[in-house]
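Q: First the structure, which I've put down as structure tokens, then a few questions once you've had a look.
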Ligand SMILES: NC(=O)C1=CN([C@@H]2O[C@H](COP(=O)(O)OP(=O)(O)OC[C@H]3O[C@@H](n4cnc5c(N)ncnc54)[C@H](O)[C@@H]3O)[C@@H](O)[C@H]2O)[C@@H](O)CC1
Ligand SMILES: Nc1ncnc2c1ncn2[C@@H]1O[C@H](COP(=O)(O)OP(=O)(O)O)[C@@H](O)[C@H]1O
Ligand SMILES: [Mg+2]
């Protein structure tokens, strides 16, 4: 296993090119936010905006539109059950996140099927939360290769069939190899399995054990992939940045709330970009 380092994150997060515009830094679409889980989609979208995504659209239940506009005026809102709007947004996106607060009902399954059918090989699809649970229960696998799965251990148990007690690095790597793309097994020391390599994140702690921390990670991943590339290094840098920001907050705060992690992202990314090459 390779250990992710600060230097790797600083290699990925570089100063922005002067000649640029919002289209340069990635179009991110987040699909989630069922009526009972609006916060998850709003946290994911907030993390994407604060981690530098150029344009962020959120497909969520209509009941959350006002909350999204109030909390995050930088984001655009569409309704997750509006097939035409979702279809247009899927076409326009560079990076798609599906799952934060999606739920597992018929509407959630419908938009998941629509997404899996629409994505193309130029796009990256990040599959999180309820979308992982649905892929496991419905035996759905995306056909194209640019996929990043972000299960926590219980979701990984559903997706891989490995009981949590049996989730050793070797067993996780073997199970990840059966899936297309990259798998991030989220836990105290998160493991990342690409088709050719394995990494472990050496930082992060229980200050992150708050609902919404994983939703926040999806937004950081989407923003990093949209700005930098869809490489293994970029994915590792996103995981590291999430934990490093929380660890910095934990020096003075008992918990690192997702909203606090999100607010601290631009400052931490500035620090990374200030490092000499
Ligand atoms: N504010 C919101 O709207 C929130 C919505 N959420 C959404 O709620 C839906 C259900 O997701 P949940 O994850 O809560 O439910 P799940 O049923 O998928 O998993 C939660 C259970 O897994 C157990 N578990 C075991 N090992 C774990 C590990 N390493 N990390 C995390 N949990 C572990 C937990 O104790 C818990 O009982 C998802 O769509 C999710 O995105 C959550 O993200 C929480 C915040
Ligand atoms: N004790 C811990 N040590 C390190 N990281 C943790 C700890 N608890 C939670 N995390 C991190 O917080 C995130 C939780 O993700 P997840 O369970 O999907 O949250 P949610 O779905 O509530 O947003 C993961 O990135 C995980 O690695
Ligand atoms: Mg989660």
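Using the three backbone atoms N, Cα and C, a Cβ is placed for every residue, glycine included.
According to TrEMBL, the record shows the following:
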- 5-272: domain 'YjeF C-terminal' (DOMAIN)
- 40, 101, 152, 215: (6S)-NADPHX binding site (BINDING)
- 186, 187, 188, 189, 190, 214: AMP binding site (BINDING)
Q: Output: those binding-site residues from 188, 189, 190 whose CB lies less than 6 Å from an atom of ligand 1, in sequence order; none if no residue fits.
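A: Close enough to ligand 1 is none of the binding-site residues.
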Q: Suppose you look only at the domain 'YjeF C-terminal' (5-272); what would the mean pLDDT be?
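A: That region's mean pLDDT is 97.
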Q: Grab the AMP binding residues from the record (186, 187, 188, 189, 190, 214) and give me their largest CA-CA distance in Å.
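A: This binding site's residues have a maximal Cα-Cα distance of 14 Å.
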Q: Which residues, in sequence order, are found in the same chain with Cβ within 8 Å of the centroid defined by the Cβ atoms of 40, 101, 152, 215 at the (6S)-NADPHX site, excluding those residues themselves?
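A: Counting only non-site residues, the set is 32, 37, 43, 44, 99, 100, 128, 129, 130, 211, 212, 214, 218.
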Q: Measure from each Cβ of the binding-site residues 188, 190, 214 to the atoms of ligand 3 and list the residues where some distance is under 6 Å.
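A: Only 214 meet the Cβ criterion.
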Q: What other residues of this chain sit with their CB within 8 A of the center of the CB atoms of 186, 187, 188, 189, 190, 214, the recorded AMP site?
A: 152, 153, 185, 191, 201, 204
Q: Which of the three DSSP-derived classes (helix, strand, coil) applies to residue 186 (AMP binding site)?
A: strand
Q: What Cα-Cα separation, expressed in whole Å, is found between residue 214 (AMP binding site) and residue 101 ((6S)-NADPHX binding site)?
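A: Here the two Cα atoms are 11 Å apart.
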Q: Just checking: which of the binding-site residues 101, 152, 188, 189, 214 have a C-beta under 6 Å from ligand 2?
A: 152, 188, 214
Q: Mind computing the max CA-CA distance among 40, 101, 152, 215, which the record assigns to (6S)-NADPHX binding, rounded to whole Å?
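A: Taking every pair of listed residues, the largest Cα separation comes to 15 Å.
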Q: By the count of other Cβ atoms within 10 Å, pick out the sparsest of the binding-site residues 101, 214.
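A: Result for the binding-site residues 101, 214: minimum number of other Cβ atoms within 10 Å at 214.
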